[in-house]
């Protein structure tokens, strides 16, 4: 079964207790009751803020998740035996070179994948999320450099976990203080985190093309006359079919694909044992690392250049970390250590055993298909093609996870996200991202059309992401894990040395095709950074435009009998009858009351005393307010559903606005809440809110202020219900002086605003009566 950590259990217990609060707990005095409601709303907001989204698993669920992990995460790294040796050697290698290259593969899988990623990097999660941007988010919180919209719901997502200086070792405190003081260091950290995400997404376009082409090319072993167009066409058809399957969800795909990967790994394992016994078991000497050093020394610059091909043995390692949110640390560790890792080690040994005794000198050119027994060739082609399709799934899932992280922290425009599992909260599908990845992959497959040319463009992203990860995890170890600086330094030097050697070799491939991956990553990074910069400019402009309720409206009670009669007609009682005027700064006009219920969508939410911008704009433009006012905010929680009796948090707005309520709707990702019956639901919740407490069953015996409040609510509902949403149009402010920097800034802002106008709104799924919906437009200069 699924278990949450102790903090989440305490939070759930508190929320349940708050929801089931006894009726006697609500005071009958109006002012005391309002204060009580405000405090309760603040406590619930705080608990939602501190809620830990990380899930942990055990028992049968953990084994099931490890099975799914096999079908998604290891398809990429598991199909590397299709092309590693062919990408490393250009001619038949000698025994010593073959064993030396095999030794490098063995120890790279052991040190980089197993030791670094499986045991260290997977522990550096951000509320269960993985990837380089999760590392940036984690560091930003603990080093107090996180910056989010001060008036938006993103503040619910990001929380500050800064440790006090006394709890950090000197090196950790110095690193944290340096990050907090240096704007340059903060910018570099942000860019590096974004670059890592962009490279994984770029890899998501290259990996499917490389894997599927490598598998389909196996057909040429039995059909040498088969032309390149047929290979490319078949590969594209397979890729399109894979992307069309994504809507069914990660869990179903992983469960369906897992048998393919397991059969693939075990088949390779069995064939390799056969080759080791039949041909050359002496290649097992490669487990001694001195063969790797001798290979590099003996071949000098050629040995160094060959590392660009050997690093393909661990392409897909970034998926272990990027897919962490979808599967969890223990499931990934379990499936890697007990299945994928041993199978891959023996697979490469078996291929080397066959190649070392190959008299034709061609086995290295197609290391998988030429090393399997001829009687199993047809089965090998089928299982290789299926495994290659699965290989693409690892990076597709990674892309969904990483783009979701960017969106949560306002580094990417909002696009449609579909949660595909009630049990596993972070398994998602993004239709638009899926179609864009499919288009890019098909184009790359058609242009490069063979694995050799694709291999040049393929490895650079992998090792750069590994390099970035090493640097960022070292900072995490110092600042968050508080590990000794000496231990961190030793680990950092070991891993950064390996990454640097591989990186220098991969850069050698840039002129031969590696430039494509780097250019694609640069374009994606520029887009993400442009969006984030534009959002920060927008937040600054909106912050300057915030209105303090006390400075916006002025109130004065009327004592005349005629005005009391007028207020009675409008549904307002004497105890809460307040005439409002705009403050002199905003014109000073009297604010009239329009009959009806006005539901103002509030993007800020929270429990403070603010008023939504759409309300202030409405009142300023029309000098009118609805009879009953609701500031309505939706707060998404990282769980499938929220029980109906815990969804609504209601409090009166403590300004002088009469009949004004703040409602927060807490909902899970599977809850359908924006429905045509939203207004009746809100009215029912308000009635329950007003009448709760030790009141007599007969409404006529209730205190007059509460009875009048109910009458006003009923009168407003009978009159009309209107939903009011803000529609903010932004335009670039003309600079006082024209300069190169002002022109560039204007161009960047225009690009950001164009993307903003054409991106999906967060209320795109609004399913309410369009005749009751009013958009209040306003223009803001940025």
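Heads up, the Cβ atoms here are built off N, Cα and C, so glycines get one too.
Of the listed segments 61-86, 139-164, 555-580, TrEMBL assigns transmembrane segment to 61-86. Looking at 29-50, 403-424, 513-534, 601-622, the range annotated in TrEMBL as transmembrane segment turns out to be 513-534. Cβ atoms under 8 Å from those of the transmembrane segment (334-356) belong to residues 62-63, 66-67, 69-70, 73-74, 77-78, 80-81, 84-85, 92-93, 95, 98-99, 101-102, 105-106, 109, 113-114, 118, 262, 265-266, 268-269, 271-276, 278-281, 283-284, 286, 313, 320, 363-364, 367-368, 370-371 of the same chain, restricted to positions at least 6 beyond its ends.
Taking every listed stretch (188-206, 257-277, 307-327) in turn, the largest tally of C-beta pairs under 8 A with the transmembrane segment (98-119) is reached by 307-327. DSSP places the residues of the compositional bias 'Basic and acidic residues' (30-39) in helix, strand and coil in these numbers: 10 helix, 0 strand, 0 coil. Under 8 Å from some Cβ of the transmembrane segment (457-479) lie the Cβ atoms of residues 112, 116-117, 120-121, 124, 132, 135-136, 138-139, 142-143, 163, 168-169, 171-172, 175-176, 179, 189, 192-193, 195-196, 199-200, 202-203, 206-207, 210, 308-309, 311-312, 314-318, 321, 448, 485, 487-488, 491-492, 495-496, 499-500, 502-503, 506-507, 509-510, 513-518, 521, all in the same chain and six or more residues away from its ends. With a threshold of 8 Å between CB atoms, the same-chain residues lying at least 6 positions outside the transmembrane segment (432-451) that come near it are 82-83, 86-87, 201, 204-206, 208-210, 212-214, 217, 228, 231-232, 235-236, 239-240, 243, 246-247, 392, 396, 399-400, 403, 415-416, 457, 513, 516.
Counting C-beta pairs under 8 angstroms (sequence separation of 6 or more), the transmembrane segment (226-245) fails to reach the transmembrane segment (513-534), with fewer than 3 such pairs. Sequence-remote contacts of a segment are chain residues at least 6 beyond its ends whose Cβ falls under 8 Å from one of its Cβ atoms, and for the transmembrane segment (188-206) they are 131-133, 135-137, 139-140, 145, 179, 315, 318, 322, 395-396, 398-399, 402-403, 405-406, 411, 437, 440-441, 444, 454, 457-458, 461-462, 464-465, 468-469, 471-472, 516-517, 520-522, 524-525, 528-529, 532.
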